[in-house]
Amino acid sequence: LAQSLFALFASSLAISLVFAIIPLCHNVVVLAVVMAVAGLAMGCIDTISNMQLVKIYQKDSAIFLQALHFFVGFGALLSPLIADPFLSDTNCILSNSTANASSNLPHIRKSLVPHHPGNLSHYDLPMKGMVVTRVSYAFWIMALINLPVPIAVFFLLYKERMVPCFNSSSHPLLSADELAMETRPAEKDDLSTTVQRPHAAGGHDDLFSCCQSKNFRGASYTYFAVHITGALVLFMTDGIVGEYSGFIYSYAVEEPLSVVHKVAGYLPSLFWGFITLGRLISIPVSYRMKPATMVFINVVGVLISFLLLLIFSHSVVFLFVGTASLGLFLSSTFPSMLAYTEDILQYKGCATTVLVTGAGIGEMVLQLLVGSIIHDQGSYSFLVCGMIFGGLAFTFYAFLLFFHRMYPKPSSDLDDASPAKPAVTDDTGQYQR
């Protein structure tokens with residue numbers, strides 16, 4: 001926990017520093033390095049936060065994972081609203097010839113998305129002159145908004161006596177059994193976890209213990225198959241999130257829909273808005289419904305949404321309806337898959353890293369792939385690609401269900417462990433299930 005909190009502190013502080021530095025970067029190589037640091041920090045935060053929630057709350061982690069990813073979606077929806085007032089409606093670079101007529105020029109973000117991207121010769125965009133932009137303020141505001149996060153993490157480290165210089169002057173925020181929710185009575189469905197805990201504890205010695213080869217010795221092929229198929233499902237579904245939010249605007253303004261630019265600009269916001277709404281709805285739903293059922297509903301819903309989008313591809317109204325439906329079904333796929341996979345593997349924590357990595361790779365690769373296909377085959381291929389990715393996600397999920405059935409159940413001595421048996425304490429006095 002101490003290693004994770006220190007990593008979260010360093011990563012969240014790095015993000016604030018990066019956002020403060022970005023407006024000062026006047027060289028594209030320096031900007032690329034700074035953005036790489038930001039991506040590394042965000043990847044650390046994503047992996048560690050998911051892994052620690054699974055590790056702490058175990059069978060109850062589904063609810064907390066849904067809450068975590070609701071705030072991810074909420075941030076993605078809110079940050080463009082913070083930046084929008086600082087984005088110019090005119091060309092940001094004024095030369096002597098365009099200084100007086102700049103108010104009639106469309107913003108560069110709109111003028112570079114014409115109906116025929118190959119023909120840009122008629123756009124006279126000056127590249128030298130006085131820079132007129134206030135976008136730097138948006139980055140500095142985001143840096144300030146993020147600053148309370150590393151402060152809060154440091155406060156938690158301080159209260160938990162994990163800061164070397166201040167480990168004797170504070171009282172713990174929560175006792176160990178309260179933090180791990182170990183004070184409630186053991187339930188019958190937790191008995192398998194009770195017996196498995198001593199063997200699983202070796203996977204939690206430190207932050208990087210999942211990478212140690214000793215954890216793979218004697219593991220069956222289904223152990224690796226569950227990791228791979230779970231990662232492939234998220235590779236497809238998170239890839240769909242990335243490519244749909246990235247190209248739905250370009251698809252809408254092209255023929256046959258030819259939606260006006262301003263109306264098409266609402267589609268990505270609608271998509272992220274329903275992702276956020278779906279994650280909010282999933283918090284109470286995950287309390288009643290199993291993660292496996294939620295993932296099944298999600299992948300089937302994504303497949304049906306793309307099918308209907310293809311059937312009604314000439315309807316602007318259904319484009320908005322399908323976008324909202326797709327965002328709703330994709331919303332809880334990641335946290336539900338994470339909870340389901342860790343449940344299969346008895347919460348050893350290693351699956352979280354594999355799944356987060358698979359999702360990140362999918363979001364990167366599928367955007368590049370779909371962009372290349374749209375450029376060569378036209379805008380209609382955008383929905384065809386989404387349909388194929390949705391079908392692959394459903395196929396990989398079916399394989400995951402198969403490997404779940406094949407995966408060996410934990411060896412539980414139910415005769416020795418009864419519901420009335422009190423909680424066992426280890427040599428440090430901490431409760432174990």
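Each Cβ is built from the backbone N, Cα and C atoms, and glycine gets one as well.
Over in TrEMBL, the protein carries these features:
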REGION    411-433  region 'Disordered'
TRANSMEM  30-49  transmembrane segment
TRANSMEM  61-82  transmembrane segment
TRANSMEM  137-158  transmembrane segment
TRANSMEM  223-251  transmembrane segment
TRANSMEM  263-281  transmembrane segment
TRANSMEM  293-312  transmembrane segment
TRANSMEM  318-340  transmembrane segment
TRANSMEM  352-374  transmembrane segment
TRANSMEM  380-403  transmembrane segment
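Using the rule of three or more Cβ pairs under 8 Å, pairs at least 6 apart in sequence, the transmembrane segment (352-374) is in contact with the transmembrane segment (223-251). Among the stretches 30-49, 61-82, 263-281, 293-312, the one making the largest number of Cβ pairs under 8 Å with the transmembrane segment (223-251) is 263-281. The highest tally of CB pairs under 8 A with the transmembrane segment (263-281), across 30-49, 61-82, 293-312, is held by 61-82. Counting same-chain residues at least six beyond the ends of the transmembrane segment (61-82), those with a Cβ under 8 angstroms from any Cβ of the stretch are 49-50, 53-54, 138, 141-142, 145, 269, 272-273, 275-276, 279-280, 282-283, 286-287, 291, 331-332, 334-336, 338-339, 342, 347.
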